[in-house]
Every structure is written in C-alpha cells, then in structure tokens.
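The region 'Disordered' annotation in TrEMBL covers 85-209. Summarising the annotation, TrEMBL assigns compositional bias 'Acidic residues' to 103-114. Residues or ranges marked as compositional bias 'Low complexity' in TrEMBL: 115-126. Positions annotated as compositional bias 'Basic and acidic residues' by TrEMBL: 139-175. Taken from TrEMBL, the feature domain 'CS' covers 212-306.
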Amino acid sequence: MDRNNRGIYDNALLGILSNEGQILPFLDVFFDFLYRRTDFFRIKTDTSQKMGFPPGVAKKFVQLAFQKYYNLTNEKLKREAALAQEGEIPPPAIETVEVETTAADDDDETEEENGPAGPNPEGNPEGKLRTTTSAENGVDEKEKIGEAASEREGTTPHVSRNEKEKESSAEKGEEQQTSTPKPPEAANEGQDSDYDPVQARFQSNPESYNGAIRDNYSWSQSIYDIDVRVKVGRDVSSRNQIKVDLTHTHLRVKVLNIVDGSWSVPIDDDFPWRVKLDDCIWTLVPEDHVLVNLEKCEERWWEQLLVSEPKINVRAIDPSKPFEDLDAESQAKIQELAFNNMQKQMGRKTPKQEKVENILKEAWDKEGSPFRGQPFDPDLVNISCDNL
C-alpha cells in the first residue's frame, strides 16, 4: 500500500498500543501474529518449497524496514536543524497522546495523590511509548488521513502555549526581515562546504541513502553492507524469471521476458571492492524489484557500486555508525561524554572536576601552600579539566 494511505491503520494500532503500553509487548504482538498466521519465520531449505524464506531473508526484511524509518528520522532532524540555523521554526505538533503503562486504575489514583513521579535517570528502561501525530513527524498535509479520521470522531487538536508563542515569534521575525533569504540549496552550500545537491536528493530516498539512483537500479549502503534494488516489470512474479550471478568482484542480474523468452541484463559489471560471497543474499519482491544484499569485505564507504557508474560524493553522505556497533572503548567514551554533559546541564560537577577538587583540598593546607590557613575556595585556582 502507498505510504500516504497508511494512516487508516492508526486507530487499530493505537488500540494495540494503549493495551500493551510498552515497546516490547507492542512489537511482540506483531511478531506473534507473523509467527501464528504466516510463514514469515519458516526457513526454506529447498527452492521447490513454496512456503517460507531462504535463511536470513526474513531477518533482513526486518532490518530494512527499521533502517528505512531510521533514515527518514535522521533526514527530518537534519532539516529541522537547517531550519533552526536559518531562523525558521519547524511546524509544531498537532496532537500528542501519552500512553500509560500502569496495569490498573488504582495505580493511576495513587500517582495523582502522591504527585507525578520524578525524572527517570536511566532514560526509558521500561520501554514506555509516546505516540505522536503525523504533523510532529513531518508528514505532508495529504498524508494526514489518520488525523482526519480523529477529527471526524471529535478529537480536538491541541497546541501548547509555548508552541503558539514560538509560532508567533517566528511570524514576527519574518515580518522584520528586510533582506531576501537565500534559497535552501544556496544556504546549505554556504554553511557546509561538503553539501552536494545531487547527493542530498539521494539521501532523501531510503533506497539510495548513502548511495545513488541509476537508470535500472538503485543502491544504498552502511559501513558494513550494500543493498541493491534492480527494477523489474509487473510481469515478473517468480524467482525462475531471475538469474543472479555473483562473485567476489562481479554482479550480473538477468530478467526473463515471458513474451519472447529473451533475457535482459540490467546489471553486468565489476565491483570497485570485494564482497563476502558467502554472506551475500538476494530475493525477489514480485512485480517490483530484485533485492541483492552485499556484505563488504572491508569497512569502507564505496564511491560507486559498479566501476562503470559515476562516483558519488562520499563527503556528503551520513558516515555515522550505530552505537551498538562501536567497540567497547568507544561506547564507554561516548557514555562518559554524555554523562558529563548531563551533569553540566544540571549544574553538577563532572567526575574529573570532583577529582581535581579533591586534589586541591589535599594540597590546600600543606607546607609551602600559599593558601595555607585560608578557608578552602576552589574559585581562587583557575584549573581547566578539559584536557585531563
């Protein structure tokens, strides 16, 4: 189904979300359905079998679905950051629904009597869900089918006072601005020397994220692997109509024309780098495309999928790595920086600052100290902890 029409499922999904209340049970409902009512988890051990998927394919589908919306979220955050730099404010949220995770009404009454719970220092370990409307996620007006359904049921959109003030301030700022604003592309070019309008168009499409769109195919990549989508016609519905020849350095895809029995070859070329042949898989999405997943031999960003195609600007792609894929030392360093930043925002000392202060206390009254006999005052000593 077209993504624009998926708002019709919102009421059903909100019902499940309200009943489950937490992220793991919410997801468990969907995978339980796939387990009980479909062949999603059945492993196909023989090509003659009609039920199930080849090993690893079902898991790859889940990863692709997650990555698609992960990429869309990253792009949304980048657009909001660009708007903030240009002095514009993103549109406010129309409506927010908080889903309580308490098991009984008695718990809610207890919370009302005792007051709201304090902030959770560990983030959200219980997996509490917070649902938002399409407007908060940057969906176009034409995509607000679910929102329109809520309006028919009598739901009144709510805009907070702070959001109204922000919107009013933005309007006043536009009225006071006398100079002609730069076009978005020009502004981005001035702010980021690595900005590439062609690659920016590729980045906006999950199927070409960190990759490119070509005549017969598109490809996207992470630091570890590449997904290639080869277009096929609506008459291609069986794996028997597809031939994929893959080596460490070459890819050839052939598609059968059932009218005259001829084979077209949308891809037949070498890779710029080697792939792990044993870890590569392919599958057919009937009447749409052939999906080929390539596992890289080396962790590097490819400038091109095939040696004959134009190179992309790798300085304009998203080079981030998932946190869980970082080594233990890098994860520990990031967690330390995040903790220190949180302490500073709360007006507390970081562990390094406390360590330096303890050293000062020990040396304050020692023989030869210029501060001996004076009350301890760390402000008298200007020591930076940034490089310790």
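First residue shown is number 1, and so on along the chain.
Each residue, glycine too, has its Cβ placed from N, Cα and C.
Automated prediction, rather than curation, is the source of TrEMBL annotations.
Summarising model confidence by region, the domain 'CS' (212-306) averages a pLDDT of 94. Remark: secondary structure over the domain 'CS' (212-306) totals 6 helix, 48 strand, 41 coil, with classes taken from DSSP.
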